[in-house]
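Here is what TrEMBL records for this protein:
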| type | residues | note |
| --- | --- | --- |
| TRANSMEM | 7-25 | transmembrane segment |
| TRANSMEM | 79-102 | transmembrane segment |
| TRANSMEM | 157-180 | transmembrane segment |
| TRANSMEM | 192-214 | transmembrane segment |
| TRANSMEM | 234-252 | transmembrane segment |
| TRANSMEM | 298-320 | transmembrane segment |
| TRANSMEM | 358-383 | transmembrane segment |
Amino acid sequence: MNRDLKLLIFISFIARVLFFQYGVYQDSHFVVKYTDVDYYVFHDAANYVFQNVSPYLRDTYRYTPLLSWILVPNHWLQWIHFGKLVFTVFDLLTGIMILQLLTDYPLKRRIILSSIWLLNPMVITISTRGNAESILCFLVVWFLYHLKSRQYALSGMIYGLVIHFKIYPIIYAPAISIYFFRSKDKDWFKNLFIMGVTTLISFLGLGMLMYHFYGNEFLEHAYIYHVVRTDHRHNFSIWNMLLYLESTYLGVSSSVPWAKYAFIPQFLATMGVTALLWEFPNWNFLLNTMFLQTFTFVTYNKVCTSQYFVWYLILLPFYLAETTLTWTKGVFIGILWVASQILWLYHGYLLEFEGRDVFYPGIFFSSVVFFLANIYLLSVFIIDCKNRIHFATAKKEL
């Protein structure tokens, strides 16, 4: 491995160690904890598994049992921070896999693009605070690595694991299918069939195993809950205010009509951007399409929190690898993205820490601004992709 790449990975490792150590120190010395509140849910669920009972005995545990199994050593070792260490390792491995997926580009560009993940303080903070998204992110880039390597059976097995871990990556299936169908490979159907079958075997096999151990509560908490959930706390979503009014003032259950139908514009928009791949079906554009899909999915989702941003951040380096955006435009949309979050977080602070009633107009206005800012970003990304298609087509005609 090149010395510059080793240095990048070493610096990334040291940064994570420092963040991790600081987190342990803050938890021990300050009232406000560094550790994510969800991590305590994982930890408690793992304790139930350690006692040979269901992790779903822990209220608000809404994840695959695999996650609680991973954290069982917390209780073997009697060290609550072990799981955070695991998440941090997966975070670093994700960055290394991004480097591997960027091997078609010059070394300097690979270093710059992979640094978007490896040296990103938000990414490092999320994993060292004990958020499990780093495992999902690693699985996504791992399955993409084997897909690029044309190892379709292995890629399908990992993709099934990805969907088992969190259901949203199923949105990539149409894009992957278009990629195979529009490829010039005479064995495209055979390859797609192999990947599709192995994905189903992996996903259904894991699901049946978890159902064997935990029954209906596995299906209810790991999957069904996320379809009908209506969280309005810590939620950037444009749906936030409506869900708050329905759950607070109308006294209705989580299966209210709006919660059910919120997926319709999300589904249409997410599938709509997939059409771009039909025009330019190569590997790089598959990754670009997946980035657009994920960005759209998160923007329109009825629940949107900061940890969801890493879902598309893992794909951002591949999008930027061939972008036509200028530095000025890139900096502007970056500032806009951050500023729209700061506005929401300001009102969120007033609500959570000062107890002010700022749902309207504060939270509502901030959610609208955040949504519109992201819609603008999405339009910039789509125009950029269309420009690339135009340039590539014109180049072929010369």
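Just so you know, glycine gets a Cβ as well, placed from its N, Cα and C.
If you look at the transmembrane segment (7-25), the same-chain residues 6 or more away from its ends with a CB under 8 A from one of its CBs are 34-35, 81, 84-85, 88, 91-92, 95-96, 99, 111, 114-115, 118-119, 124-125, 127-129.
Ranked by number of Cβ pairs under 8 Å to the transmembrane segment (298-320), the listed stretches 79-102, 157-180, 192-214 are led by 79-102.
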